[in-house]
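Since the structure comes first, as structure tokens, the remarks are kept for the end.
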């Protein structure tokens, strides 16, 4: 099971992390290639500002692709199965990488030849290293960045035939014998234990037949307000600044006085710190409540963003070279706070808020917000930087949204760790009230509060269809 988890994560989340940063240290090579191509095609190059505006959109388009992919997951998995779905994912990745490579000039074409979260960070480390100007991040060699990724995907594709389809999908298709053998493989168990697990999966699928769609989450009152809380967590995560640091850290560090080599090495160091932080955070998350982790981490991110703004602004005023190295330290602290809270928690806080039956729908809304936010941010950052300056752009985009979200979450985010949906309703009612006041609630207020909790719990039962259906999901 661990082997399968590692391989599927490398095939999926690793490549997302890889693509997040590969255009970062190699930006100059891509810009030069793009400018030369446009110059030949349109009899003249573009200004630096126009080129950067186009480049912002090129970098940001990744998140529109991720948005389409997130909507396709359930359709592909249910129609062709999980294993064949991975083949489709690999084929799409290889095709995309090949299209990037063959966009080379003709004279170069002859040269073409937690687990998920950690693999995202591992992907950022590998992407940062191979895209360095000292390795493949040059105008002549940038296509090798994509060739490297294609090689990794093809290696994973070669291992897939050795693994069976998931038992859950096989049971849905009525292939009981194949499902039993799949369980024997994944669970490393005998026939008797496999048949027992098979019956458990069948019972679970029968009781889990009720699923909520994305529109159900909007229509049903008991789900809508809690899904919105999860969306705000995702929004704050997206506007924390991590998208721009992933995409443009090399450019930011270079603009604060570091040389190309110093900025490249610093970018690699930030990616390594991010990966280590995600591993450390994996041990912290399950030992602490979700609410304190998110509030503390967002407060830390807000503090780091203010310091980063101050360092950028001071450098533009006085030009002190040492400020670039201080900036590296605070970006590393920023990545630790990000890995501690919003990085891992935004992927499952929705499930804990709305319950298992609505998890997929609520997470889909969160994915829409995340990918659209990242697309807008990465598209807008360089044009804003050219108009307002890097420091003021960073302040506008990554301080105000986090501050507003932090205040909202303080008054709205309940503790969800080891809580059932009914217990979450009680936690919501016990949250601090806005505006804060020192008066304790009267007996009448407490009775009204209890009635509101019971009312919301009954609405939750109604939305699930029956108390038996809700009990199964608890």
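Any Cβ shown, glycine's included, is placed from N, Cα and C.
What TrEMBL records for 1-417 is domain 'Major facilitator superfamily (MFS) profile'.
Look at TrEMBL and you will find 54-73 (among others) tagged as transmembrane segment.
Annotated transmembrane segment per TrEMBL: 85-102 (among others), in sequence order.
TrEMBL lists 141-163 (among others) with the feature transmembrane segment.
Taken from TrEMBL, the feature transmembrane segment applies to 227-249 (among others). With a threshold of 8 Å between CB atoms, the same-chain residues lying at least 6 positions outside the transmembrane segment (227-249) that come near it are 20-21, 23-24, 27, 59-60, 124, 217, 266-267, 270, 294, 298, 301, 305, 308, 331, 334-335, 338, 342-343, 345-346, 349-350, 353-354, 358, 361-363, 365-367, 369-370, 373-374, 377-378, 381-382, 394, 397-398, 401-402, 405-406, 408-409, 412-414.
Residues or ranges marked as transmembrane segment in TrEMBL: 269-286 (among others).
For the transmembrane segment (293-316), the list of distant contacts is 233, 236, 240-241, 252, 255-257, 284-285, 323-324, 326-327, 330-331, 333-334, 336-338, 340-342, 345, 349, 389-392, 394-395, 398-399, 402-403, 405-406, 409-410, 413: same-chain residues at least six beyond its ends, Cβ to Cβ under 8 Å. For 293-316 (among others), the entry in TrEMBL reads transmembrane segment.
Within the chain, the transmembrane segment (322-349) has long-range Cβ neighbours (under 8 A, six or more residues past its boundaries) at 114, 116-117, 121, 229-230, 233-234, 236-237, 240-242, 245, 249, 252-253, 256-258, 262, 266, 269-270, 273-274, 277-278, 280-282, 284-285, 290, 293-294, 296-298, 300-301, 304-305, 307-308, 311-312, 314-315, 363, 366, 370, 416. If you look up TrEMBL, you'll see 322-349 (among others) marked as transmembrane segment.
Beyond the ends of the transmembrane segment (394-411), by six or more residues, the same chain brings 229, 232-233, 235-236, 239-241, 244, 294-295, 298-299, 301-302, 305-306, 308-309, 312, 377, 380-381, 384, 388, 431-434 to within a C-beta distance below 8 angstroms of the stretch. Residues or ranges marked as transmembrane segment by TrEMBL: 394-411 (among others).
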